[in-house]
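Asker: Could you have a look at this structure, given as structure tokens, before my questions?
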Amino acid sequence: MASKLTTTSQHILENLGGPDNITSMTHCATRLRFQVKDQSIVDQQEIDSDPSVLGVVPQGSTGMQVVMGGSVANYYQEILKLDGMKHFADGEATESSSKKEYGGVRGKYSWIDYAFEFLSDTFRPILWALLGASLIITLLVLADTFGLQDFRAPMDEQPDTYVFLHSMWRSVFYFLPIMVGATAARKLGANEWIGAAIPAALLTPEFLALGSAGDTVTVFGLPMVLNDYSGQVFPPLIAAIGLYWVEKGLKKIIPEAVQMVFVPFFSLLIMIPATAFLLGPFGIGVGNGISNLLEAINNFSPFILSIVIPLLYPFLVPLGLHWPLNAIMIQNINTLGYDFIQGPMGAWNFACFGLVTGVFLLSIKERNKAMRQVSLGGMLAGLLGGISEPSLYGVLLRFKKTYFRLLPGCLAGGIVMGIFDIKAYAFVFTSLLTIPAMDPWLGYTIGIAVAFFVSMFLVLALDYRSNEERDEARAKVAADKQAEEDLKAEANATPAAPVAAAGAGAGAGAGAAAGAATAVAAKPKLAAGEVVDIVSPLEGKAIPLSEVPDPIFAAGKLGPGIAIQPTGNTVVAPADATVILVQKSGHAVALRLDSGVEILVHVGLDTVQLGGEGFTVHVERRQQVKAGDPLITFDADFIRSKDLPLITPVVVSNAAKFGEIEGIPADQANSSTTVIKVNGKNE
């Protein structure tokens, strides 16, 4: 039997349109990133239905991001093993796929969308090196805190051991322009190694020997202003754009037979001087200009920046618009020696981590395994790694009320950051492990603690879901729990139990207790080709589930089925069944039919807020019912008087156990009208 990893990987690939629809595939810390030929044939809803998938995010006209969380690398490697995908490697694409992926340069994307996409995809592959370097910095700052060394002392005053340790993180930032040049060129479809070689030329000992930063020297009879390009990001970005156009022009005029030799030759010959004379100084000027503007705002009032930054990040990160700020942080470290954005950014991160911690605690209380796994993964990735995407896509973007719990934490934490005027003296990812990199670290600790606990307590006090979402989640948990209990009962049942069940079903004199026991033990499974017809549990008009004015039901998140616009006022059992859940408020009931199909009947939308008023419940949990037995009676006029929709979803909650499930609309449905057909699964 295929593993869960393989099954999910196959599911993703199939619903992306298969290997023939994919032109390139990469991954970052949390997301699988695909470029596809035809985005219209991608079934986003079906991909998102897999429990292992945290979210699906379209990017531009050809990009698709599938959010997997911290195990993304495992899924990436598994997809590479599937038929038709073995030729893909991280970051590589065929020439034709590059043209498709980077068509945005020629007008398929708006320039703003493409600019942010360009920055995001340039920095994404470097994330691993930056994460590793940031933790090495943290260890050295801790050594400074305990008096073992002076983190900011010149290297010639450091012991040899610490000089070596400093080289381990400085290598990433010193040679960052080379990495940026490579990934930026790759994103644009230019040669990544030429993209790396251009900034590398400006970091060689020979170039540095020309003079100090700010000096002017004469090269080719022209004045050249020298700059320190170590740690710079804007010069290699701009140089990569120039390289794209130079390569494109050269390929038009150089015969294909000799392009491999002369395109890189002329590219280097043109782009290195162009970068040294013009593009490099211009890029440094752009970075300094943006940095100076933000510094002026910070100098005018740290409060403004400290509040705005954490309030903006929850909206920037889902769109990938936070990457430009990362570039500015690195620029600040290089030019000012410190950064004033990372501290306030920590307020957003820890408000986010506090929120998912609250979700984790609630999921433990409710025994909600699915949310416990999602929230635990997000919490650990955030607190230990400073990565917010698992929390963002696993919780925040799935439940709209979460932002009302998140933003107060961002605001409160941002205010504290403003009071202490937090600065970072190294580029790090804001996690518990990197607290010592902030100054004053105690003020920063107070700020992130405030952000964390404000959002966490708001979740614990007010929940993170709407009333409907909460009740449906609890209903599903209860149904799953009951299913586990029934499986145990089935496993412990004697071989004679199914026979007894058959006898009880056929004989008129079988007792109720025996019938209840054998109904649980039998728990039949539909064979391939077998069909169960489910009649309407109440009178009314049966309409497609997609027409329900609730995104959770309409998208089939709680299972496929049908919706009834009621004309009657009584919910009845559509078949012999066991009641597995009844809401105290009376607005919902879940049944396990003797066929093994589990259905949820939800009377109206947002009716939970009535607190049971207008509903009369006739059954209780674990009760055996016969077809036609009344389950719930409701006062339709009273519910309408509260301006609540009466449309009633009827969904199959254990759909994964069966094959195709079809909802059948009907103008006048009643207890003899088939509204759902459930087919046995083909093994």
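Backbone N, Cα and C atoms are what each Cβ position is placed from, and that goes for glycine too.
So Swiss-Prot lists the following for this protein:
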| type | residues | note |
| --- | --- | --- |
| DOMAIN | 1-89 | domain 'PTS EIIB type-1' |
| ACT_SITE | Cys28 | active site, phosphocysteine intermediate |
| TRANSMEM | 126-146 | transmembrane segment |
| TRANSMEM | 162-182 | transmembrane segment |
| TRANSMEM | 193-213 | transmembrane segment |
| TRANSMEM | 225-245 | transmembrane segment |
| TRANSMEM | 260-280 | transmembrane segment |
| TRANSMEM | 303-323 | transmembrane segment |
| TRANSMEM | 344-364 | transmembrane segment |
| TRANSMEM | 376-396 | transmembrane segment |
| TRANSMEM | 409-429 | transmembrane segment |
| TRANSMEM | 442-462 | transmembrane segment |
| DOMAIN | 550-654 | domain 'PTS EIIA type-1' |
| ACT_SITE | His602 | active site, tele-phosphohistidine intermediate |
Asker: Tell me the Cβ neighbour count for His602 (active site, tele-phosphohistidine intermediate), meaning other Cβ atoms within 10 Å of its Cβ, over all protein chains shown.
Answerer: 27
Asker: So, do the transmembrane segment (344-364) and the transmembrane segment (225-245) meet, by the test of 3 or more Cβ pairs under 8 Å (sequence gap 6 or more)?
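Answerer: Judged by the Cβ rule, the two regions do not touch, with the required three close pairs absent.
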Asker: Give me the mean pLDDT over the domain 'PTS EIIB type-1' (1-89), rounded to a whole number.
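Answerer: Over the domain 'PTS EIIB type-1' (1-89), the predicted model scores a mean pLDDT of 81.
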Asker: For the transmembrane segment (193-213), find every same-chain residue at least 6 residues outside the stretch whose CB is under 8 Å from a CB in it, and list them.
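Answerer: Sequence-remote neighbours of the transmembrane segment (193-213) are 174-175, 177-186, 224, 226-230, 232, 235-236, 239-240, 243, 247, 264, 267-268, 271-272, 275-276, 280.
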Asker: Cβ under 8 Å to the transmembrane segment (442-462), counting only same-chain residues 6 or more beyond its ends: which ones?
Answerer: 310, 343, 346-355, 357-359, 361-362, 401-402, 404-406, 408-410, 412-414, 416-417, 419-420, 422, 430, 435
Asker: Below 8 angstroms Cβ to Cβ, which residues of this chain, lying six or more residues outside the transmembrane segment (126-146), approach it?
Answerer: 28-29, 152, 162, 165-166, 168-169, 171-173, 176, 179-180, 183, 385-386, 425-429, 433-434, 436-437, 441
Asker: Please report, as numbers and ranges, the same-chain residues at least 6 past the borders of the transmembrane segment (225-245) whose CB is under 8 Å from any CB of it.
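Answerer: Distant contacts of the transmembrane segment (225-245): 105, 118-119, 122, 173-178, 180-181, 184-185, 187-191, 194-195, 198-199, 202-203, 210-217, 267, 271, 274-275, 279-284, 286-287, 327, 330-331, 333-334.
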Asker: Please list the DSSP helix, strand and coil residue counts for the domain 'PTS EIIB type-1' (1-89).
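Answerer: Computed counts for the domain 'PTS EIIB type-1' (1-89) are 36 helix, 22 strand, 31 coil.
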Asker: In the domain 'PTS EIIA type-1' (550-654), how many residues does DSSP call helix, how many strand, and how many coil?
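Answerer: Counting residues by DSSP class gives 14 helix, 41 strand, 50 coil.
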